[in-house]
Amino acid sequence: MAAGFAATVGVGSAAAASASVSWSDGNSDFKRTISDTTLSVGQEVEVSTRFERDWTLEIITRVDDYRPSCLEFVSSNKSGASDKGTYTRVTGSWNVWPNISPTSQTFTFKYRVTEDCARDTELKTGMAYDGSLGSGSYKTKGPHFTVAKNTTTTSLASVSGPVVAGVPVTLSATVTGGAKNDPVDFYDGGTKVGSGQLNNSGVATFEWTPPEAGTRSLQAKFSSTAKAKSSQSSTQDVQVNEPDVVTSLEVQAPGAATTGEPVDLTAQVSPTDAAGTVQFSVDGAPVGGPVEVAGGAAVLSHAFAAAGDASVSAEFTGAPGFTNASGAPVTVAVSD
């Protein structure tokens, strides 16, 4: 029985390369044909067997088409086909004459290639039959075929900024053609910085901590597996900034003041070269506008309007490269 794999639709295949095997057993002649010997996952293929006689009538009553269990049965040209996992069976009564019609019988089975198939490994096909004159078993007669490894693509998601040295950032890669738990390696230039595993969506992530400032060249690489080919993303240049300088603030004000008479409210900011502005508040309400820090200090002249204890606080908003800061409030006793 000749099994022919004719590519119909699949994960894309080159021009089909068919193969056939013919043999005789007594007065019976067989030809199996596979229309494509290099298959891809998702591809539908047809397997055909032609049966002929050299002498006297034979009535075929059973045909079993053998194939790896990773081929999923789709259909047959004979009714009542029964999928047995590693073979498909049809039963009936089919005449084959040597010199009057019908002089042959052809049994065709269509399958779909699944992910379970081993890759780049010869996979065997064959057949067996029963007839009125006897039976035959040729379970590995061929032709045989291979399933190509999945073609993959790897892409590295854009790294959102700003990226700061010493601060973790998530690297994310998407791989098509891979499988869950397959590893993806992440690189900074020629140095591997870590790995992640693909999830159900084909995405792998890794928390990368840039060691220093500068332009870094990032890339994701997917290595070849038993079922998939390797691929890698294009490189992505990422600017890594120096971390912000940590600042602190101390609020200073006179312990006592008189209503209507201006006093200086001072914010001492460290380090002294910190750039930014300070907003003063009295009893939680902002007073004046933001004051530029110069030489590590910001000063606001303020006159209290009412007698009583006043709480003076300040907030420092750092310029790029400096953190924000706030200090403990101080109390000013205001009298008339």
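Any Cβ shown, glycine's included, is placed from N, Cα and C.
Of the given residue ranges 22-43, 176-197, 220-241, TrEMBL assigns the label region 'Disordered' to 220-241. Confidence for the domain 'Bacterial Ig-like' (252-334), expressed as mean pLDDT, is 97. The residues of the domain 'Bacterial Ig-like' (158-241), classed with DSSP into helix (H, G, I), strand (E, B) and coil, number 0 helix, 47 strand, 37 coil.
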